[in-house]
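Taken from TrEMBL as is:
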type: SIGNAL; residues: 1-26; note: signal peptide
type: DOMAIN; residues: 37-125; note: domain 'Ig-like'
type: DOMAIN; residues: 139-226; note: domain 'Ig-like'
type: COMPBIAS; residues: 241-252; note: compositional bias 'Polar residues'
type: REGION; residues: 241-266; note: region 'Disordered'
type: COMPBIAS; residues: 256-266; note: compositional bias 'Low complexity'
type: DOMAIN; residues: 260-348; note: domain 'Ig-like'
type: DOMAIN; residues: 353-440; note: domain 'Ig-like'
type: DOMAIN; residues: 451-533; note: domain 'Ig-like'
type: DOMAIN; residues: 537-624; note: domain 'Ig-like'
type: REGION; residues: 634-656; note: region 'Disordered'
type: COMPBIAS; residues: 642-656; note: compositional bias 'Basic and acidic residues'
type: DOMAIN; residues: 646-741; note: domain 'Fibronectin type-III'
type: REGION; residues: 727-757; note: region 'Disordered'
type: DOMAIN; residues: 746-839; note: domain 'Fibronectin type-III'
type: DOMAIN; residues: 844-948; note: domain 'Fibronectin type-III'
type: DOMAIN; residues: 949-1048; note: domain 'Fibronectin type-III'
type: TRANSMEM; residues: 1152-1173; note: transmembrane segment
type: COMPBIAS; residues: 1194-1212; note: compositional bias 'Basic and acidic residues'
type: REGION; residues: 1194-1227; note: region 'Disordered'
Amino acid sequence: MQSWGRQEGLLAAISLLLLAWEEVCTIEVPLDLKQPPTIIKQSLKDYIVDPRDNIIIECEAKGNPVPTFMWRRNGKFFNVGKDPRVTMRKRSGTLEISFRNGGRPEDYEGEYQCFASNNFGTALSNKMLLRVSKSPLWPKEVLEPVVINEGAPLVLACNPPPGLPPPNTFWMNSAMLPISQDERVSMGLNGDLYFSNVLAKDAATDYSCNARFLFTHTIQQKNPFTLKVLTKEPYNDTSSFSSVNHTDSYSGRSVPETTPTFLTPTGTTSSKMVLRGEQMLLECIAAGVPTPRIHWFKKGGELPTQKVKTENYNKTLRIMSVSEEDSGEYVCRANNKIGSISHSISVQVKAAPYWLEKPQNLILAPDENGRLVCRANGNPKPSIQWLVNGEPIESAVQNPSRQVVDDTIIFRAVQTGSSAVYQCNASNEHGYLLANAFVNILDMAPRMLGPKNQLIKVIENNRTFLDCPYFGSPMPELRWFKNGQGSSLDGGQYRVYLNGTLEIKRARTEDQGTYTCVASNILGRVDNQVRLEVKEPTRIVRAPEHLTVTRGSLAQFDCRVKYDVSLPITVTWTKDDKPLSISWRLKKDEDSLTIPNVLESDEGTYTCTVSTELDEDSASARLTVLGYDPISPSNRSTLLADRPEPPRDLELSDPSERSVRLTWIHGNDNNSPITEFQVQFEENRFQPGRWQNLSSYPGDLNSVVLQLSPYVNYQFRVIAINAIGPSRPSRPSPRYQTSGAPPDVVPRGLKGEGTKTNNMEISWEPLLDMEKNGPNLRYIVSWRQKDMSQDWKNVTTTLARHVIHNAGTYKPYEIKVLALNDFGPGPESSIVIGYSAEGRPTAAPTDVRVSKIDSTKTHVHWAPVDPNTIMGALKEYRVHYWRESSLLKGLRVNKEVKTKGFNASGLQPSGILTDLIPYSNYKMYMKIVNRRYEGPPSNTVEFQTKEGVPGVPKFFRIKRWRTDTIHLEWEKPEEPNGILIGYTLKYQTVNGSQVGHIQMENFPPNVTQFTLRLPDRSTHYKFFLSARTQVGAGEVYAEDSPHFANEAAPRRQIWNLTVEPNSNYADVSWKHNFPTNGSEFVLEFTLKSNGTVRSVPVKHQPPIKLAGLIEGARYQLRVYSHEHHGISSEYVDFETLAAYSKDQVDIATQGWFIGLMCAVALLVLILLIVCFIKRSRGGKYPVRDKKDLPLDAVDQKDQDGSFDYRSDEDNKPLQGSQTSLDGNVKESDDSLVDYGDGDSVNPHPPCNRGFILGRIQMAADVEKFLFLNSKPAVEGLRYMTPKFL
């Protein structure tokens, strides 16, 4: 008793607390705010799939950060990455199980559950029982013929194979026609065919039961039954159904009559259990002669007629959506003229759990209170279990601000960091319910979620809703005001909903105006405006009337409308509820539809529908067409019809300020009635010579009043129109000038915005020519600074704009405008709020810092700037960040500066900087940004991202060198994301759909190759390679081993990358084995001087011209696949050519080169002259036969180190030379002058062909030598020249 008293006291205290707490409304959290995951899509609990398709198990969730997903199968962790057939969609938890490469869907049957997690909690899906649809074959069986006496009952068993889901059954004969069923013969719920009594005509050999399997769309047929009926008298088919009364079938056939008995169910009583919400099927099939009839009733009550239906000739009772009230005892009674029998079915309604109060998401501010309630009912009563982030709340980390009391969790003074997802599981023996509800701890000033300054148009007297979606934490208080004055709107004809919507129960004209919704909490205040315009309803004031006309005459339906002139209307006509095509024969205007020369096919119901953007009205009338009347003057079909003659004798009368009467005489209609007159006008002030349509009138009029605009000098003409077409225009009428008037319209499009510093430009749309109404049109524009109690300032201008200078920086102004002419001012526009130009923000965010740094993201915090320093509307806090370097030495990085904007507000704003590269040094600073400028930068913050898992290896090549060996090569990832500690290689044999056990090899980071010996040449492997850091293994690079002897297509590769550089571009070519069509590549080149990396996508085949290079620079280049980044070429280094400039002179223009060439030419000339002289004058050499002396095998080297270059002839000793004792010829020291003055004359001096060729060869060699050695070679020329000579 004491324990019960304490518990009762606790519950009472809790109740008082809950009554004292401020109720917090559950509203939707904008997705750009931090929040736990929410499951938004999942597969069915009982999920049956088609074995012929891939299996897709859905699990979608939202949250911020984006959730990650994990699966359990049969209560155990399901490693999606280990199964090559299973993939998970990106940014989703949906699983796709593919069987293209083999596998059995049955292997994946089981119970699946999805877990969606982020930093703030984990949400759970339902447990999804995955089963594969089955359509088993009918078991082989031999059916003996069924022999039975006429009048006896019979049941032909179907017993369909147990499919999943169960098949639909039906009975057919060999002609594929259904077995005829009636009160006597019918199929039961179990598929069996029941005969209340057998007749002789039932004898057949083809009673076949069929099973239709829905998933596989197949029908299987059971072996047919043969039914033989033993009868005492022959059966006469002509008398079988001579009467509706089936008892006549037994008349005079000596079939004994019997009292009814039940074929199903058996006995006198039975019971049935059905679940709440399902449909209940009760069945009674009786035997007897004559055939019994079935009747149903419920003991102690009436059958619920609204949801009860009898089927199968009253043998089946169906009750839809069963509830607890449907429990009780149901009785079926079978009776014929012999007797009756009853069967009682006791129905018990149980219930799987169903919600009474489902837990809802809870958004709380720090130190707020709240509660989650989970109330469910069922039969038996379900048990309630609470979980937090997928774990039982009993085993979760204790939270002092949380208390669980039965089906309620109470939160007191919650703190930041305690956000989580709570699950409520209500279960009993018939099923379970699982609901996720998160508790999100946020501290946020109010913000509006809907569009700003929305315009709402409604029809008068209609119920109206003005939306104002908002968000904030603590839950903001929302109030509505009209025209910025008075107390808040609530009560009477106004009602404010918790989601911010204001309801006006019946909108009236006086309800027009500007409505302001204001949301406020302790952190701030925000408002939004909605302008409401109440419009006059659209009504047809003159509806079409029923018409009866003769064929060939004219029919006209009126449809005159009253509507709000500010709303454009659309008038449409339908005939017999189908759109009416307005052809050349039909004429439609705003007030009527005209059908000339009516045909029989025109008969029908015509409906006029008038619609605006807000409402519509319609009216209908019937057109009846009578037969052709040969006497009717409208029958002119035997005459040739043509366009009408133009109207004539136009006259003007009844002049007034804005109207005049125009009268004309009809021209000849040329055997086709005139259906319409088109009045046109021309004016000579604004657009002289241009005729414009003014209005249209029915064809039976010849005098109309024209509505005109002021200050226009008109002349008119009229065009007649019949079924053939329009006439020529009439001759113009006399001119008529309307008097002037002040403008009628307000200039449209008024706005004010800054275009330059300290100014505000007010602009509007100028009035149209026909809206000016008088001469000297001008505009008066007025303005004053808002909320400053200033007088209006104004200026008159003929332009459609005016610039206010010295307007300050981002100051709000009230502006208005009106048009005026010499006749006076027009109406004034509504007041519009404009702003002067924004300035450059003067302050930078302070205290910029980072926290919670991991490998790819960090939290950024800063102190907000003073709103007065923004100098405009706050657009965002913009972070500029870049990767300064990698923590790995020698790794080049891209230092491109990136930006990210944050819209966070409040006293301690923060954001998350994502997509960072692990294990890197980063720098960042922050600026405040308005809609025009960025402010000064904040302090620069440096931080280091943590080590992460490495990227995919740069390449992974598998080569099959011999039939028994596979060689694997790879290269470290381009982004190691940390210190590599090694590589993991997993591999398994693959044989079709059969895979072997996974084997694993670990390698140190300096090993990048591996050789595997094959057991036989037919063995194929699948390899999985990943690099490792201390954090874990990175992305897997999967490859299949190549097939021997070209059994399969080779692995995709890129090779033989070549570069032909020029000054500012390079021609790049490579080879690959990708498909020619549709393959895309990326050229990645790095400037070695500063490490800048650029990428160029390529959609066509090589060679490619790579442009935009720097002249005389060194680059490193590679090519990789756009679809498969891991497939890449080797790196190639190249250097572009230096640019040609005016300072670089061609070698042919260099002075030293010109001098050299002149010297060479001079030497050749001297040689030629010497040869010529020697031939003319002879020489000092005696003519002796010494030409046959042996040649010197070695060129003689002078003492000064120069060489004597000689031809074969030169190696012969000269005439008169002395020979040494060893047989060598002693070279003469004589000069060329001596050769010409000797005593002995040589008729053939050494200037022969060999001599000359040798000297020419020598000259060429000297030239080459001098060219290669540049200037120093010129200095050596003087040493070589004497020897040469």
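Glycine residues also receive a Cβ, built from the backbone N, Cα and C atoms like all the rest.
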For this session: For the domain 'Fibronectin type-III' (949-1048) and the domain 'Ig-like' (353-440), decide whether they are in contact, meaning at least 3 CB pairs lie under 8 A, counting pairs 6 or more apart in sequence.
Result: no
Exercise. Other than its close neighbours in sequence, what residues sit by the region 'Disordered' (727-757), given a CB gap under 8 Å and a spacing of at least six beyond its ends?
Worked result: 643-648, 650-652, 655, 657-658, 660, 662, 664, 667, 680, 682, 684, 691, 708-721, 763-767, 771-775, 777, 779, 783, 800, 803, 807, 809-810, 813, 815-829, 832-839, 932
For this session: Pull the DSSP breakdown for the domain 'Ig-like' (260-348) and write it out as helix, strand, coil residue counts.
Result: 3 helix, 53 strand, 33 coil
Problem set entry | Whole-number mean of pLDDT values that fall within the domain 'Fibronectin type-III' (746-839) | 90
Exercise. Apart from its near flanks, which chain residues at least 6 from the ends of the compositional bias 'Basic and acidic residues' (642-656) lie with a Cβ under 8 angstroms of it?
Worked result: 662-672, 674, 677, 702, 705, 716-722, 724-734, 736
For this session: Tally the residues of the region 'Disordered' (727-757) by DSSP class, grouping H, G and I as helix, E and B as strand, and everything else as coil.
Result: 0 helix, 8 strand, 23 coil
Seminar exercise, completed: DSSP assigns the residues of the compositional bias 'Basic and acidic residues' (642-656) as 0 helix, 6 strand, 9 coil
